[in-house]
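*Asks:* A single structure is presented below for examination.
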Amino acid sequence: MTIGIGNPPKPFQLDIDTGSDLTWVQCDAPCTGCTLRRDQLYNPSKNNFVDCKDPICLAVNSPNPPQCKNPNEKCCFQVQYADHGSVLGFIVLDTFPLRLVNGTLSKPNLAFGCGHRLQNRGLHPPTPTAGVLGLGKSKASISSQLSSMGVTKNVFGHCLGDNRGFLFFGADFVPKSGMTWTRMLQSSSYKHYSSGPAELLFSGKPTGIKGVNVIFDTGSTYAYLNLKVYETVLNLVRHQQPSMHKTL
């Protein structure tokens with residue numbers, strides 16, 4: 001999705017990721033490993049940087065508190081992803097213009113990552129987007145920050161349409177969205193969004209697999225199954241499609 005950052009706002013296309021907390025963009029600090037042209041990068045001013053002692057710095061680096069050598073030191077971050085990619089940078093504050101349902105424009109200052117060192121070690125080439133919109137459960141996520149400021153409730157919806165989807169923050173749009181909602185577990189022991197133990201159905205029929213813990217991660221391309229569930233699904237597919245025995 002495209003989101004504006006700064007004043008005047010500069011557009012950045014971000015990957016929506018419910019599996020990670022921190023929002024970050026490729027940043028001219030200068031940048032190593034960035035995939036965008038220099039004029040497309042976020043260009044911070046010295047007033048944008050967050051100090052190492054700032055509470056948001058602690059939230060970003062939780063559960064490992066930052067080691068601040070002096071109070072004016074910049075807040076650093078590092079995020080490592082399951083595909084072995086990583087991003088390193090500084091935490092900054094800037095304006096995120098958001099249009100509210102009543103038509104007014106809110107301009108909250110939100111903390112996000114200025115990523116200036118990117119590494120892609122996965123099997124696939126890096127995406128052409130400018131960064132990641134982190135919508136995880138921690139205090140560092142955009143939705144949590146908006147909630148703590150009183151701008152919106154800590155609710156967001158992500159609709160995946162056939163052509164174009166949409167994303168919204170807060171509860172005001174919920175009745176109009178037409179979405180079907182599933183309650184998420186509120187336990188602090190769950191780092192990711194989870195609806196709790198699930199039962200595996202195949203073609204609408206029970207498979208005997210129950211109690212599977214499922215997490216929702218929009219930043220993941222694939223669905224990952226543990227070995228027992230994977231073998232069950234594989235055998236069911238082979239039974240239904242005998243011609244696939246040679247390829248599976």
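Keep in mind that glycine also has a Cβ here, set from the backbone N, Cα and C atoms.
Note: TrEMBL annotation is automatic and uncurated.
Per TrEMBL, the feature active site maps to D17, D217. Sequence annotations record features per position, and here TrEMBL assigns domain 'Peptidase A1' to 1-248.
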*Asks:* Over all shown protein chains, what is the count of other CB atoms within 10 A of the CB belonging to D17 (active site)?
*Replies:* 21
*Asks:* Give the three-state DSSP assignment (helix, strand or coil) for D217 (active site).
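*Replies:* Once the DSSP labels are grouped into three classes, D217 (active site) ends up as coil.
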*Asks:* Do any residues at least six apart in sequence from D217 (active site), in the same chain, have a Cβ closer than 8 Å to its Cβ, and if so which, in order?
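*Replies:* Correct list: D17, T18, G19, H192, Y193.
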*Asks:* Pop the mean pLDDT for the domain 'Peptidase A1' (1-248) in here, whole number is fine.
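*Replies:* Taking every residue in the domain 'Peptidase A1' (1-248) and averaging pLDDT yields 86.
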*Asks:* If H, G and I count as helix, E and B as strand, and all else as coil, what does DSSP give for D17 (active site)?
*Replies:* strand
